[in-house]
Structure formats: structure tokens, C-alpha cells
Amino acid sequence: MGRNVQQTGLHLCITAVLLLGEGRGRDFPGSLSCLNNYVTTVNCTWSPEEPVGDGPFHLHFTNLWTKGQNASCQLTAGDSVQDQYHCTMHLARQILETDGYRVSLQGNFYGSNHTYITFPEYSPRQHIKLDPPSNIQSNITASKCQIWWTVPSYLDEILQYQLQYKEYSTSWEAALNKTPPSSLPQIEIEGTEFRSGISYMARVRCKVSEIEDSYHSQWSDWSQTTVFQREGSSELSEKLFDTRTLQFLIIPLSFGTLLYLFWNCKLSSRAKVLSCLNIPTPATFFQPLYNLHNGNFKTKPPRQCCCYHHQKKKR
């Protein structure tokens, strides 16, 4: 019986050593996230929940299906966030849809070496964060604005995009969002959404479309920006209604109107007299008769004149 107890104890000790050696004697300290660009690059971030030792700490990626396609990187403490470690890994070849890896974290934990299996089977297509679109360009006219960019050709059919644009002088918090209607790396926006004479900036990001059930993707970082300005086709019409332009138009129009009214209302009678000075008159040739009738030969002679002729006839 004593021999059986010894054998049982020995087996337990061996099992404990093996479990501790493989990191299974303790829960994994913290959380590990490994996002890949679905090309050859994997970025990992480890956030321990408590101090775990001085390390060093290494991540190992072992390909489950292809021998020799393994990779590793050393985790280093980040400068911006305390108690957070980062590493970037470059795989030997481009990631395939069928790839799978066993991911382990190895290092000096709590004063002794341990190995933790963090992902028994890491599927790259379920942990995607693509590189931001590149080579973003724009062309704008009075009627429309076209913006286009570049992504890897083998992904362009399964991607979706989000575009932001804003006035150059404002912050991105005030930007407007646009969603392209298709997976094509381009978008067309009505020119009326932009004011002429104002510079605008645009940027774009991408992810695998949510329609693709076999993938899981986060939004990429934002791309670099493109700057554009709407053509000033309507600047002339806008200037015509500018305040200064209206003032320059009103002043001569008002002056001309006043001059016209003054000429017609104040000087009309005098102008008529002056314009009649050169009309011929018979006053020079019939001066006595003209003076007697005051120029009106149709008026009947005065009664006294008739009496005078009657008396003269009596005599």
C-alpha cells in the first residue's frame, strides 16, 4: 500500500511540473489581442492585470497545418500606456483563409519560467484589422466631387468603407460621414454639398464587409487626407449680390432718378418758355392792331368802339 502511495505521489508531482511548465497551473494573467492585416503582419497587445515579473516575454506562432511556417516576437512595455506590452510579427508568407496557428506566451513569470497557451487555434480571418487605404485622391467640379483610393486588389470585393470630410479649418469632430454604395474604392458626392472658395479635407477607412460571415474585422486606422476646393462657377453671381456691389448700383440709380424727377417737375414750365422763344409772331407787322386785341384777333371789338363809329355816322 505504501508503494502505491509513493507511485501516486510521484505521478502527481510529475503532472504538476508539466502543468506548471506549460502554464496550465495558473490562469493566463491578463488579456492578449493579436490583430493581423490579412497580408503578413500581426500586431499583438498584452495587458497584464497585475505585475507578473521582469520577463523577458515572447509570443510564438506555430502553424498548425504547415511545418516551418512559424514566427515569434518579443513583447516590450509600451511608453504611452503602463502595464501594457506590444510586439509586431512578420509571417514568412501571405496569410491564407485556411491558416491556423497555436499562439503561446513564454517568459519569466513570478520568478520562474512559464508557457501559456493563449490561443489553441488562432484563425487569422477572425482577427483582422486592415492597413488604412492608401493613395487617396480627389477631383471636384461645380457639379460633383470624386474621391478614390487604393486597397489590396485581392480584398477589394469584400471590403466596405467609411469616408469623412470637413472644412479645412474645422476639427474632425465636425466632419460629415459618407458610406460608398458599393465595394469599389471610390465615391461621388454632389458638388452642392460644398461651398465655393472653401478648402475641404477628406479621409477614408475600411474593414471587411459585415456580409462576409466567415470573417471578423475591425475598422482600419484612417488614411492620409486629400484636400480639395470647389470651382468658383457661381462666384460672379454671388458677388453681384454682395453688399458693396449693391451700394455701387444703388447710388447712380438713385441720382439718376432724382435728376429725372427734378427736371420734369421743377423746370418743365421754364423749359417750355425757353423752347418757344424762336417761334415767329405777326406783332411786328400789325403793331396797333396787335396791341388793341392783345394778339387775339378772334375776340369781338369793344362796345365803346362800336358807339364811336355810330356817332360818327350820325354826324
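From the backbone N, Cα and C atoms, a Cβ is placed for every residue, glycine too.
Pulled from TrEMBL, these are the features on record:
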- 1-25: signal peptide (SIGNAL)
- 132-230: domain 'Fibronectin type-III' (DOMAIN)
- 246-263: transmembrane segment (TRANSMEM)
Across the domain 'Fibronectin type-III' (132-230), what does the pLDDT come to on average, as a whole number?
93
Mind checking how the domain 'Fibronectin type-III' (132-230) divides into helix, strand and coil residues in DSSP?
6 helix, 47 strand, 46 coil
